[in-house]
């Protein structure tokens, strides 16, 4: 008797479409809100060095909640977790809209984002199969970057028109994301019945950290993605100061347009990675990571807007090619060991720890009066060296493994 094969689930299923739409509007709100709030604190005459603290409150929420959000994502239906997280984001946006402390409001958005991240990536492994996971990650990253592109531009352009109008549009975006969350079919919890004692949850989380760190592929993903996002968020704030210094432009829109060029490039790079890189060939992405640092140095020395646009598109393409395979690799390794939700929570701890460290250093050197050009050059050189060291470390580890297997 011949066995019947189960029909393949199409990549763009109802569930996937709902997840992608929710992700777009949620990420749109995050990015538009950042630039609208930056314009607000500029209007309120906060010092330049305080700008990174807006993002630092956001990422601190990720770090503090890291031991708990992975278990939350795996203990409940991930669609419901995403809905709850977007509700928190909406509350944070409304707090800023009504004149509340902008740092507190954006930190509340960070709490929502911390809960949202493990669920949004973890759900991909539940609604796709096999090789579709890399393609699904490509769609997720493309949606995210499209949201960064449009959200960043909208935040800056609308803030030049009316800051509180821009903030209100951010709240509307979170409301649309909530509506899309309601279209995600209710899925079974991946790991129900886990204990809810904080000490046990923290112990379980750090156990997951150890398990993933001992896995060579997971370790590569954790280190690579942490370095990338730490550098990426620092570049975003660097552009805010670089534009008036290098280009002589003082509006809110130009830094957001330049950030949008990075987003355009990441869409291209993510698409290329989905076609050219598989889970078995993830290390092909490392040269792109090294070149990111090189391009940052070249970009920092520019004084022409068009060349800046071109270089940032290239920078984004390299970033997309670098990050998408690493994300897919961690989800695959995590799903097989500690659960996709816990794996993404561990990843968030690494990424946001790197962001907090780099933003803190950036704020310090700005306060010390270091030139923004010198900051950009040093930033690019250090990133390229870090990726080069990671690359050499992997080559040496591979040689050791071959020598051990030959004995």
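Using N, Cα and C of the backbone, Cβ positions are placed for all residues, glycine too.
It is 139-159, from the ranges 118-138, 139-159, that Swiss-Prot records as transmembrane segment. Against the transmembrane segment (343-365), the recorded stretches 139-159, 163-183, 229-249, 286-306 differ in Cβ pairs under 8 Å, and the greatest number is found for 229-249. At the 8 Å Cβ cutoff, the transmembrane segment (310-330) and the transmembrane segment (257-277) share at least 3 close pairs (sequence separation 6 or more) and count as touching.
Ranked by number of Cβ pairs under 8 Å to the transmembrane segment (375-395), the listed stretches 53-73, 139-159, 229-249, 286-306 are led by 286-306.
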